[in-house]
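Notes follow once the structure below has been shown.
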Amino acid sequence: RLELQPPTREECISQRNKTAGDTSALRNRKVFPSSEKTPSSPLSKGTHSQTAGHHSEDDAQSSNGTSAQCSTRGNNSEEPPSRVLLMLVVGLSFSTRLYKIADPPHVCWDETHFGKMGSYYINRTFFFDVHPPLGKMLIGLAGYMTGYDGTFPFVKPGDKYEHHNYWGMRGFCAVLGSCLPVFAYLIVLELSQSHTAALITATLLIFDTGSITISQYILLDPILMFFIMAAVLSMVKFNQQRYRPFSATWWLWLVLTGVSLAGALGVKFVGLFVILLVGLNTVWDLWRLLGDLSLSLVDITKHLLARVVGLILLPLLLYITIFAIHFVVLNKSGPGDGFFSSAFQSRLIGNNLHNASMPEYLAYGSTITVKNLRIAGGYLHSHWHLYPEGVGAKQQQVTAYLHKDYNNLCILLRKTTRNLHTHLHEAPLTKKHFQVTGYGINGTGDINDLWQVEVCGGQKGDLVKVLRSKVRFLHRATGCVLYSSGKTLPKWGWEQVEVTCSPYLKETPSSQWNIEDHINPKLPNISLSVLKPHFLEILLESHIVMIRGNSGLKPKDNEMNSKPWHWPINYQGLRFSGVNDTDYRVYLLGNPVVWWINLASLGLYVIMVAVASVALQRGFSLGQKRIGMVIDCDSNDSHVLMREGGQLFLGWLLHYAPFYTMGRVLYYHHYFPAMLFNSMLTGITLDVLLKSADLLLRRPYSDWLQRVGLMVLLFSVLYSFYLFHPLSYGMTGPLAHEAGSAMAGLKWMDSWEF
């Protein structure tokens, strides 16, 4: 029995310019094998053994022997050359992103943070951020290479750059942002083999005001999205090499995929989503190989090991290398010291613990400072001020202070002038905890002054080591533990951090402390250099601190934030610069026509896939026409929609749905990686929809309908860009609701604030 397989897209492209009547070409033609495994039969079994995993250079183009001639539908043969379209996409993308790159000449939005962090790298000053370091390292490198000296303070938005050279850092981000439409064009072209689908995608992204704005400033977002799209493009290119395994090109795209994954994760933890996407694709690919009976178990093991090396070990090595460079470069004490442990701080030049010496173990009579292990937990601190009337007992305040201070010093004695004290009064802010105070006069106190020191993970009687030991202070009378809540006290508490005694005994960083400074003239000193943590310790600590910092990013009172359901509908943007008619105003908001087309395409995609699935299951024809051995190439459109479109839909879902589970503060710009996948999916969906015109009309009317539909789509995007481009390139003068404004009549939603 001869089983006839529809030709693949690659086959159609290679045969597009051949004449249908060329019978010699028909007899001798070689075609690519189908990506799906075909059932074996007595006739096809022998030829099937020549497939994946064992192809020579010539065999890479051979299939199971089926011959079919392609006839194209629509105007594919009239499409402009791919190189011309690609050059057009590159030119438009770079020109729209680099236009007015130096405006406004002052700090905009989060340039306050990431420009400052670039300066820290140039000055080698240690700082803390909730994201991995690669993005800030690249910003600092770009600034250094373009003449920026790292001296601009980046205090607040609106500060004038004046003579400081800031354009290099902006330009670097804009160049990476300019690559996004180009990558999207190439990805869609590879997946669909349709210039129309790729052109629609590129148009949506090139003329999206939000994508332009977020690419033009010193931010992590364009860097993150560059690596995400590079990873997806490399993954797609690697999949195209499946019939040339272990060739140089196959290895190249595998390695580039791994490098891009490391880059994405090295900029933000959001990179985990694209790692999951590539991981699922890899699992499916290996499952397909496992079902190929022409491959031996040795061959399958080689494929598995290659992917482990390229997609796990290589990215992991590069990711660790990023942190190694980060720690080597940032070797001076800075504003990030207090977020890390005392042992970590001892490695920073300029920190009071660097090259210091002190007794190694605590004893009675020692003068110490005690540091809480939670982020911004502070040093145990007391001052002469009392708790105000109505806030527990009117005794001396005990707080946690974020800076090093003389009032952080405590003496470890059986009794002393003011004793660390707690009782059954509720804490000022954390009502389920007990108040902690300073109590007693000249060592005279009461039973509530007694605390037991416990070494976490140790045993009773263990010595307490400076820097290294994690300790808890257990109150003997009530059984609670000394705790830093992280909450800021009112003005009566000098806006320092609340210290309580928690009745909940679970060990957490908030109830764990370490000894930082230690003075005891009766004990021998040791150099703290022997207590410095090794690389793996500081790598682990950095990740713990970053994860805690991310989870601690909660919305502040009256702070502008958004919800995930706001994002796809373009509900609300972000003000990058300016608030009145005299300011240079920039507003991050997506081109509404682009975003609403994307939103509609999501629903359209689900409907089209459902219809196509039911039709194929029931054996209905979806535009597939056969005349003898002549098969319509576009019969694969439904498969492109479901398979390749499914990959992009999964990418959108992975980069969007997780935000619904996050408790941290969220902003509109978090949606932009998902928006890239949405735009690529829109390109494929609308292309298939336009090609389906021949299901309703005969040619040439169906061709006309396709052209008109495409022109209407492109014109709508271009005209809306013309209307809304001041959002990206800056506005001055009257506001949108005032007469004479450049945006008059364009505030289509009340939630837009331009």
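Counting starts with 1 at the first residue shown.
Quick reminder: no glycine exception, Cβ is built from N, Cα and C everywhere.
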Transmembrane segment according to TrEMBL, located in which of 82-103, 126-147
126-147
Name the residue range among 196-217, 526-547 that TrEMBL annotates as transmembrane segment.
196-217
The transmembrane segment (196-217) and the transmembrane segment (223-239) contact flag, 3+ Cβ pairs under 8 angstroms:
no
In terms of Cβ proximity under 8 Å, which residues at least six beyond the ends of the transmembrane segment (167-189) contact it?
82, 85-86, 89-90, 92-94, 96-98, 101-102, 115, 118, 138-139, 142-143, 145-148, 195, 197-199, 201-202, 205-206, 211-212, 214-219, 222-223, 225-226, 229-230, 232-233, 236, 676, 679-680, 683-684
Run the contact check on the transmembrane segment (593-616) against the transmembrane segment (704-724): 3 or more C-beta pairs under 8 Å, excluding pairs closer than 6 in sequence.
yes
Folded-back contacts onto the transmembrane segment (251-284), same chain, C-beta under 8 angstroms, at least six residues removed:
131-135, 220, 223-224, 226-228, 230-232, 234-235, 237-239, 241, 306-307, 310-312, 314-316, 318-319, 322, 546, 550, 647, 650-651, 654-655, 658, 670, 673
Which residues, given as numbers and ranges, are at least 6 beyond the ends of the transmembrane segment (671-692) yet have a Cβ under 8 Å from it?
73-74, 180, 184, 187-188, 191-192, 194, 196-202, 204-205, 208, 210-211, 214, 221, 224-225, 228-229, 270, 273-274, 564, 567-568, 590, 594-595, 597-598, 601-602, 604-605, 608, 622-623, 634, 637-638, 640-641, 644-645, 648-649, 651-652, 655-656, 659, 705-706, 709-710, 713
Taken over the domain 'MIR' (461-518), the predicted model's pLDDT averages 90
Contacting positions for the transmembrane segment (223-239) when only residues 6+ beyond its ends and CB under 8 Å are counted:
134-135, 138-139, 173, 176-177, 179-180, 183-184, 186-187, 190-191, 250, 253-254, 256-257, 260-261, 263-264, 266-268, 270-271, 274, 277-278, 281, 285, 651, 655, 672-673, 676
